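Some features that Swiss-Prot has for this protein:
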type	residues	note
BINDING	166-173, 191-195, 213-216, 283-286, 314-316	GTP binding site
BINDING	173, 193	Mg(2+) binding site
COMPBIAS	364-380	compositional bias 'Acidic residues'
DOMAIN	1-159	domain 'Obg'
DOMAIN	160-333	domain 'OBG-type G'
REGION	359-380	region 'Disordered'
(Lines of atoms letter the chains of each structure in order from A and count residues from 1; the text may use other names and numbers.)
(Lines give C-alpha, C1' and ligand atoms only; values in the text may rest on other atoms or scores of the structure.)
Protein backbone atom coordinates (compact mmCIF):
# COMPACT_ATOMS: atom_id res chain seq x y z
CA UNK A 1 0.00 0.00 0.00
CA UNK A 2 1.23 3.48 -0.86
CA UNK A 3 2.49 5.45 2.14
CA UNK A 4 0.64 8.76 2.47
CA UNK A 5 1.54 10.90 5.48
CA UNK A 6 -0.41 14.06 4.63
CA UNK A 7 -3.91 14.86 3.38
CA UNK A 8 -6.15 17.93 3.20
CA UNK A 9 -9.85 17.54 4.03
CA UNK A 10 -12.86 19.73 4.75
CA UNK A 11 -15.17 18.91 7.65
CA UNK A 12 -18.54 20.41 8.47
CA UNK A 13 -20.38 19.87 11.73
CA UNK A 14 -24.17 19.64 11.61
CA UNK A 15 -26.34 22.74 11.82
CA UNK A 16 -28.55 23.15 14.86
CA UNK A 17 -32.27 22.45 14.42
CA UNK A 18 -34.69 25.39 14.47
CA UNK A 19 -37.10 26.16 17.26
CA UNK A 20 -40.82 26.14 16.39
CA UNK A 21 -43.85 28.30 17.13
CA UNK A 22 -46.76 26.13 18.24
CA UNK A 23 -49.79 26.33 20.54
CA UNK A 24 -51.59 23.59 22.43
CA UNK A 25 -54.82 22.56 20.71
CA UNK A 26 -57.37 20.38 22.48
CA UNK A 27 -61.10 19.83 22.40
CA UNK A 28 -62.93 22.45 24.43
CA UNK A 29 -59.66 24.38 24.84
CA UNK A 30 -59.83 27.17 22.30
CA UNK A 31 -56.81 29.07 23.46
CA UNK A 32 -54.09 26.66 24.58
CA UNK A 33 -50.74 27.98 25.69
CA UNK A 34 -47.46 27.88 23.76
CA UNK A 35 -45.87 24.43 23.32
CA UNK A 36 -43.23 24.91 20.64
CA UNK A 37 -40.14 22.75 21.29
CA UNK A 38 -36.46 23.51 20.82
CA UNK A 39 -34.45 22.15 17.91
CA UNK A 40 -31.72 19.54 18.33
CA UNK A 41 -27.99 20.30 18.44
CA UNK A 42 -25.98 19.57 15.31
CA UNK A 43 -23.62 16.59 15.23
CA UNK A 44 -19.89 17.04 15.94
CA UNK A 45 -16.91 15.81 13.91
CA UNK A 46 -14.19 13.76 15.65
CA UNK A 47 -10.96 12.04 14.71
CA UNK A 48 -10.01 8.80 16.46
CA UNK A 49 -6.70 6.92 16.46
CA UNK A 50 -6.80 3.37 15.10
CA UNK A 51 -3.72 1.15 15.41
CA UNK A 52 -4.89 -0.93 12.44
CA UNK A 53 -4.28 1.98 10.06
CA UNK A 54 -0.84 3.12 8.91
CA UNK A 55 -1.52 5.62 6.13
CA UNK A 56 -3.83 8.53 5.30
CA UNK A 57 -4.42 7.38 1.73
CA UNK A 58 -8.21 7.08 2.18
CA UNK A 59 -8.43 10.82 2.76
CA UNK A 60 -6.82 11.52 -0.60
CA UNK A 61 -9.93 10.19 -2.37
CA UNK A 62 -12.72 11.55 -0.17
CA UNK A 63 -12.07 15.04 1.10
CA UNK A 64 -15.40 16.28 2.46
CA UNK A 65 -17.09 14.98 5.61
CA UNK A 66 -20.32 16.30 7.13
CA UNK A 67 -22.09 15.47 10.38
CA UNK A 68 -25.88 15.25 10.63
CA UNK A 69 -28.09 18.29 11.11
CA UNK A 70 -30.20 18.55 14.26
CA UNK A 71 -33.95 18.09 13.82
CA UNK A 72 -36.33 21.02 14.16
CA UNK A 73 -38.49 21.19 17.26
CA UNK A 74 -42.18 20.31 17.12
CA UNK A 75 -45.41 20.94 19.01
CA UNK A 76 -46.16 19.38 22.36
CA UNK A 77 -42.86 20.74 23.71
CA UNK A 78 -41.00 18.07 21.73
CA UNK A 79 -37.29 18.75 21.32
CA UNK A 80 -35.73 17.87 17.98
CA UNK A 81 -33.37 14.91 17.76
CA UNK A 82 -29.67 15.66 18.05
CA UNK A 83 -27.67 15.19 14.85
CA UNK A 84 -25.41 12.13 14.66
CA UNK A 85 -21.69 12.70 15.18
CA UNK A 86 -19.20 11.53 12.58
CA UNK A 87 -15.87 9.94 13.55
CA UNK A 88 -12.91 9.83 11.16
CA UNK A 89 -10.48 7.00 11.89
CA UNK A 90 -6.82 7.88 11.41
CA UNK A 91 -3.48 6.18 12.16
CA UNK A 92 -1.97 6.56 15.62
CA UNK A 93 0.28 9.63 15.62
CA UNK A 94 -1.95 11.82 13.43
CA UNK A 95 -2.54 15.48 14.11
CA UNK A 96 -5.07 17.84 12.52
CA UNK A 97 -3.98 21.40 11.71
CA UNK A 98 -6.36 24.20 10.69
CA UNK A 99 -5.08 25.37 7.31
CA UNK A 100 -6.19 28.99 7.76
CA UNK A 101 -4.97 29.61 11.32
CA UNK A 102 -2.18 27.00 11.48
CA UNK A 103 -3.64 25.96 14.85
CA UNK A 104 -3.22 22.34 15.97
CA UNK A 105 -6.85 21.36 16.48
CA UNK A 106 -6.27 17.76 17.54
CA UNK A 107 -3.47 15.24 18.08
CA UNK A 108 -4.03 11.53 18.69
CA UNK A 109 -0.90 9.71 19.84
CA UNK A 110 -2.44 6.57 21.34
CA UNK A 111 -4.89 3.94 20.15
CA UNK A 112 -8.53 4.78 20.78
CA UNK A 113 -8.00 8.45 21.60
CA UNK A 114 -10.87 10.53 20.24
CA UNK A 115 -10.77 14.32 19.81
CA UNK A 116 -13.33 16.77 18.42
CA UNK A 117 -12.25 18.86 15.41
CA UNK A 118 -15.53 20.64 14.54
CA UNK A 119 -18.45 21.46 16.85
CA UNK A 120 -22.09 21.17 15.83
CA UNK A 121 -24.44 24.16 15.80
CA UNK A 122 -26.44 25.16 18.89
CA UNK A 123 -30.16 24.39 18.80
CA UNK A 124 -32.80 27.04 18.17
CA UNK A 125 -35.39 27.87 20.84
CA UNK A 126 -39.13 27.25 20.58
CA UNK A 127 -41.76 29.80 21.55
CA UNK A 128 -42.29 28.11 24.94
CA UNK A 129 -38.96 29.63 25.98
CA UNK A 130 -40.32 33.15 25.49
CA UNK A 131 -43.43 32.77 27.63
CA UNK A 132 -43.67 35.24 30.51
CA UNK A 133 -46.23 36.94 32.71
CA UNK A 134 -46.57 39.76 30.19
CA UNK A 135 -46.28 37.65 27.04
CA UNK A 136 -48.45 34.59 27.46
CA UNK A 137 -48.81 33.84 23.75
CA UNK A 138 -45.31 34.38 22.36
CA UNK A 139 -44.72 34.01 18.65
CA UNK A 140 -40.96 34.27 18.90
CA UNK A 141 -38.45 31.53 18.10
CA UNK A 142 -34.77 31.32 17.20
CA UNK A 143 -33.08 29.46 14.38
CA UNK A 144 -30.37 26.90 14.99
CA UNK A 145 -26.82 28.13 14.49
CA UNK A 146 -24.57 26.89 11.70
CA UNK A 147 -22.22 23.99 12.32
CA UNK A 148 -18.51 24.72 12.35
CA UNK A 149 -16.62 24.33 9.08
CA UNK A 150 -12.88 23.68 9.04
CA UNK A 151 -10.30 22.91 6.39
CA UNK A 152 -7.80 20.57 8.00
CA UNK A 153 -4.40 19.26 7.07
CA UNK A 154 -3.98 15.77 8.49
CA UNK A 155 -0.33 14.98 9.25
CA UNK A 156 0.88 11.53 10.19
CA UNK A 157 3.89 11.62 12.53
CA UNK A 158 5.63 8.30 12.95
CA UNK A 159 6.04 7.13 16.53
CA UNK A 160 9.65 6.10 17.09
CA UNK A 161 12.18 6.22 19.91
CA UNK A 162 15.22 6.99 17.75
CA UNK A 163 15.24 9.18 14.66
CA UNK A 164 18.00 9.19 12.06
CA UNK A 165 19.06 12.19 10.05
CA UNK A 166 21.86 12.94 7.65
CA UNK A 167 22.69 13.65 4.04
CA UNK A 168 21.65 11.24 1.27
CA UNK A 169 23.90 8.15 1.10
CA UNK A 170 25.21 8.67 4.65
CA UNK A 171 24.30 5.05 5.44
CA UNK A 172 21.07 5.50 7.39
CA UNK A 173 19.15 2.78 5.56
CA UNK A 174 22.14 0.43 5.72
CA UNK A 175 22.28 0.95 9.49
CA UNK A 176 18.60 0.20 10.02
CA UNK A 177 18.95 -2.96 7.89
CA UNK A 178 21.90 -4.03 10.03
CA UNK A 179 20.21 -3.63 13.42
CA UNK A 180 16.60 -4.58 12.65
CA UNK A 181 14.46 -6.73 10.39
CA UNK A 182 13.44 -3.71 8.29
CA UNK A 183 14.64 -3.80 4.69
CA UNK A 184 14.59 -0.31 3.21
CA UNK A 185 16.03 0.05 -0.28
CA UNK A 186 19.81 0.60 -0.43
CA UNK A 187 21.71 1.81 -3.50
CA UNK A 188 24.68 3.97 -4.47
CA UNK A 189 22.69 7.00 -5.65
CA UNK A 190 21.13 9.89 -3.67
CA UNK A 191 17.57 9.76 -2.35
CA UNK A 192 17.26 5.99 -2.48
CA UNK A 193 14.93 6.39 0.51
CA UNK A 194 11.83 8.27 -0.62
CA UNK A 195 9.50 7.52 2.29
CA UNK A 196 10.12 7.03 6.04
CA UNK A 197 10.60 3.50 7.32
CA UNK A 198 10.59 1.99 10.81
CA UNK A 199 12.68 -0.78 12.30
CA UNK A 200 12.39 -2.48 15.69
CA UNK A 201 15.74 -3.08 17.40
CA UNK A 202 15.67 -5.84 20.02
CA UNK A 203 18.80 -5.66 22.19
CA UNK A 204 17.64 -8.30 24.66
CA UNK A 205 14.10 -9.73 25.03
CA UNK A 206 13.09 -7.09 27.57
CA UNK A 207 14.86 -4.18 25.84
CA UNK A 208 13.79 -2.92 22.44
CA UNK A 209 13.23 0.37 20.67
CA UNK A 210 11.98 1.69 17.34
CA UNK A 211 14.23 3.48 14.85
CA UNK A 212 12.87 5.82 12.15
CA UNK A 213 14.75 6.32 8.89
CA UNK A 214 13.74 9.37 6.86
CA UNK A 215 14.90 10.58 3.42
CA UNK A 216 18.18 12.47 3.48
CA UNK A 217 18.46 16.24 3.77
CA UNK A 218 20.51 18.51 1.54
CA UNK A 219 21.52 22.15 1.77
CA UNK A 220 18.51 24.37 1.23
CA UNK A 221 16.04 21.74 2.40
CA UNK A 222 14.33 24.34 4.59
CA UNK A 223 13.56 26.26 1.37
CA UNK A 224 12.26 23.16 -0.40
CA UNK A 225 15.42 21.80 -2.03
CA UNK A 226 15.56 18.06 -2.63
CA UNK A 227 12.68 16.46 -0.75
CA UNK A 228 12.55 19.52 1.48
CA UNK A 229 11.95 19.23 5.20
CA UNK A 230 8.59 17.53 4.79
CA UNK A 231 9.78 14.36 6.50
CA UNK A 232 11.47 16.08 9.45
CA UNK A 233 8.10 16.17 11.21
CA UNK A 234 8.45 12.41 11.75
CA UNK A 235 11.32 13.09 14.15
CA UNK A 236 9.31 15.37 16.45
CA UNK A 237 8.23 12.56 18.76
CA UNK A 238 11.59 10.78 18.80
CA UNK A 239 13.46 10.72 22.08
CA UNK A 240 16.96 10.64 20.59
CA UNK A 241 18.33 11.76 17.23
CA UNK A 242 21.19 9.92 15.52
CA UNK A 243 23.15 12.29 13.30
CA UNK A 244 24.78 9.98 10.73
CA UNK A 245 27.97 11.41 9.20
CA UNK A 246 29.69 9.80 6.21
CA UNK A 247 33.44 10.22 6.74
CA UNK A 248 34.19 9.10 3.17
CA UNK A 249 31.43 10.61 0.97
CA UNK A 250 30.96 9.10 -2.48
CA UNK A 251 30.81 12.60 -4.01
CA UNK A 252 34.09 13.57 -2.27
CA UNK A 253 32.36 16.37 -0.36
CA UNK A 254 33.71 17.72 2.93
CA UNK A 255 32.39 15.77 5.98
CA UNK A 256 32.74 18.89 8.14
CA UNK A 257 30.58 21.00 5.85
CA UNK A 258 28.09 18.16 5.51
CA UNK A 259 27.67 17.95 9.29
CA UNK A 260 27.20 21.72 9.57
CA UNK A 261 24.59 21.64 6.80
CA UNK A 262 22.42 19.15 8.68
CA UNK A 263 22.56 21.14 11.92
CA UNK A 264 21.72 24.36 10.08
CA UNK A 265 18.69 22.80 8.38
CA UNK A 266 17.56 21.29 11.69
CA UNK A 267 17.69 24.65 13.46
CA UNK A 268 15.80 26.37 10.66
CA UNK A 269 13.02 23.79 10.87
CA UNK A 270 12.43 23.72 14.63
CA UNK A 271 14.27 24.93 17.71
CA UNK A 272 12.56 22.22 19.74
CA UNK A 273 13.84 19.51 17.39
CA UNK A 274 17.34 21.00 17.37
CA UNK A 275 17.43 20.82 21.19
CA UNK A 276 16.56 17.13 21.40
CA UNK A 277 19.29 14.74 22.63
CA UNK A 278 21.52 14.13 19.60
CA UNK A 279 24.32 11.62 19.10
CA UNK A 280 27.01 11.80 16.44
CA UNK A 281 27.58 8.56 14.54
CA UNK A 282 30.49 8.41 12.10
CA UNK A 283 29.82 5.79 9.44
CA UNK A 284 32.00 3.98 6.87
CA UNK A 285 35.12 3.95 9.04
CA UNK A 286 36.14 0.74 7.25
CA UNK A 287 36.84 2.68 4.03
CA UNK A 288 39.81 4.60 5.44
CA UNK A 289 42.67 3.86 7.78
CA UNK A 290 42.12 4.26 11.51
CA UNK A 291 44.46 7.25 11.65
CA UNK A 292 42.70 8.99 8.77
CA UNK A 293 39.28 8.26 10.30
CA UNK A 294 40.34 9.74 13.64
CA UNK A 295 41.68 12.82 11.89
CA UNK A 296 38.42 13.44 10.00
CA UNK A 297 36.34 12.81 13.13
CA UNK A 298 38.42 15.28 15.13
CA UNK A 299 37.93 17.95 12.46
CA UNK A 300 34.16 17.49 12.60
CA UNK A 301 34.10 17.56 16.41
CA UNK A 302 36.16 20.74 16.50
CA UNK A 303 33.97 22.45 13.89
CA UNK A 304 30.79 21.57 15.79
CA UNK A 305 32.22 22.29 19.21
CA UNK A 306 31.01 18.82 20.18
CA UNK A 307 31.59 17.80 23.79
CA UNK A 308 29.28 14.78 24.01
CA UNK A 309 30.09 11.18 23.17
CA UNK A 310 30.28 9.94 19.58
CA UNK A 311 30.45 6.57 17.86
CA UNK A 312 32.44 5.06 15.01
CA UNK A 313 30.69 2.36 13.02
CA UNK A 314 30.58 0.57 9.71
CA UNK A 315 26.94 -0.24 9.03
CA UNK A 316 27.67 -2.45 6.03
CA UNK A 317 29.74 -4.96 8.05
CA UNK A 318 28.03 -4.17 11.39
CA UNK A 319 31.19 -2.93 13.06
CA UNK A 320 30.27 -1.02 16.24
CA UNK A 321 26.50 -1.26 15.64
CA UNK A 322 25.82 -3.65 18.50
CA UNK A 323 27.58 -1.46 21.05
CA UNK A 324 25.68 1.59 19.78
CA UNK A 325 22.32 -0.18 20.14
CA UNK A 326 23.09 -1.30 23.70
CA UNK A 327 24.04 2.24 24.72
CA UNK A 328 20.92 3.65 23.07
CA UNK A 329 18.72 1.21 24.99
CA UNK A 330 20.42 2.09 28.30
CA UNK A 331 20.20 5.82 27.60
CA UNK A 332 16.48 5.75 26.83
CA UNK A 333 15.82 3.67 29.92
CA UNK A 334 17.31 6.48 32.04
CA UNK A 335 15.81 9.32 30.00
CA UNK A 336 12.76 10.80 31.77
CA UNK A 337 9.61 9.93 29.88
CA UNK A 338 8.32 13.48 30.34
CA UNK A 339 10.88 14.74 27.86
CA UNK A 340 9.40 12.55 25.17
CA UNK A 341 5.72 13.10 25.67
CA UNK A 342 3.86 15.78 23.76
CA UNK A 343 3.25 18.84 25.92
CA UNK A 344 -0.18 19.26 27.46
CA UNK A 345 -2.75 20.04 24.80
CA UNK A 346 -3.83 23.64 24.51
CA UNK A 347 -7.55 24.37 24.65
CA UNK A 348 -9.04 24.74 21.20
CA UNK A 349 -11.79 27.34 20.84
CA UNK A 350 -14.76 25.98 18.95
CA UNK A 351 -17.50 28.04 17.38
CA UNK A 352 -20.29 27.41 19.87
CA UNK A 353 -18.41 26.88 23.12
CA UNK A 354 -20.16 30.01 24.36
CA UNK A 355 -23.77 28.73 24.38
CA UNK A 356 -25.24 31.67 26.34
CA UNK A 357 -24.13 34.04 23.58
CA UNK A 358 -25.62 31.77 20.93
CA UNK A 359 -29.03 32.26 22.54
CA UNK A 360 -28.79 35.97 21.82
CA UNK A 361 -29.12 35.38 18.09
CA UNK A 362 -31.87 36.81 15.92
CA UNK A 363 -35.36 36.18 17.28
CA UNK A 364 -37.98 35.52 14.61
CA UNK A 365 -41.59 36.54 15.24
CA UNK A 366 -44.53 34.97 13.42
CA UNK A 367 -47.53 37.34 13.20
CA UNK A 368 -50.28 35.93 11.00
CA UNK A 369 -53.39 36.28 13.18
CA UNK A 370 -54.60 37.62 16.52
CA UNK A 371 -53.40 34.70 18.65
CA UNK A 372 -51.06 36.97 20.54
CA UNK A 373 -54.02 39.03 21.76
CA UNK A 374 -55.96 36.24 23.41
CA UNK A 375 -54.67 37.17 26.86
CA UNK A 376 -55.24 40.91 26.45
CA UNK A 377 -57.59 42.10 29.21
CA UNK A 378 -59.00 44.80 26.94
CA UNK A 379 -60.65 42.08 24.85
CA UNK A 380 -62.60 40.63 27.78
CA UNK A 381 -65.61 42.86 26.95
CA UNK A 382 -66.74 46.33 27.92
CA UNK A 383 -67.44 46.57 31.68
CA UNK A 384 -69.27 49.49 33.29
CA UNK A 385 -68.86 50.07 37.01
CA UNK A 386 -71.78 51.77 38.73
CA UNK A 387 -71.46 53.35 42.17
CA UNK A 388 -74.59 53.13 44.22
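A Cβ is built for glycine as well, from the same backbone N, Cα and C atoms used for every other residue.
Features as recorded by Swiss-Prot, highlighted on the structure.
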residue	record	Cβ neighbours (10 Å)
166	GTP binding site	24
169	GTP binding site	22
172	GTP binding site	30
173	Mg(2+) binding site	25
215	GTP binding site	25
284	GTP binding site	25
314	GTP binding site	20
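Reduced to three states, the DSSP call for residue 284 (GTP binding site) is coil. Each residue contributes its Cα atom, and for residue 166 (GTP binding site) and residue 173 (Mg(2+) binding site) those atoms are 11 Å apart.
Reduced to three states, the DSSP call for residue 173 (Mg(2+) binding site) is helix.
DSSP classifies residue 166 (GTP binding site) as coil under the three-state reduction. Secondary structure at residue 314 (GTP binding site), as computed by DSSP, is strand.
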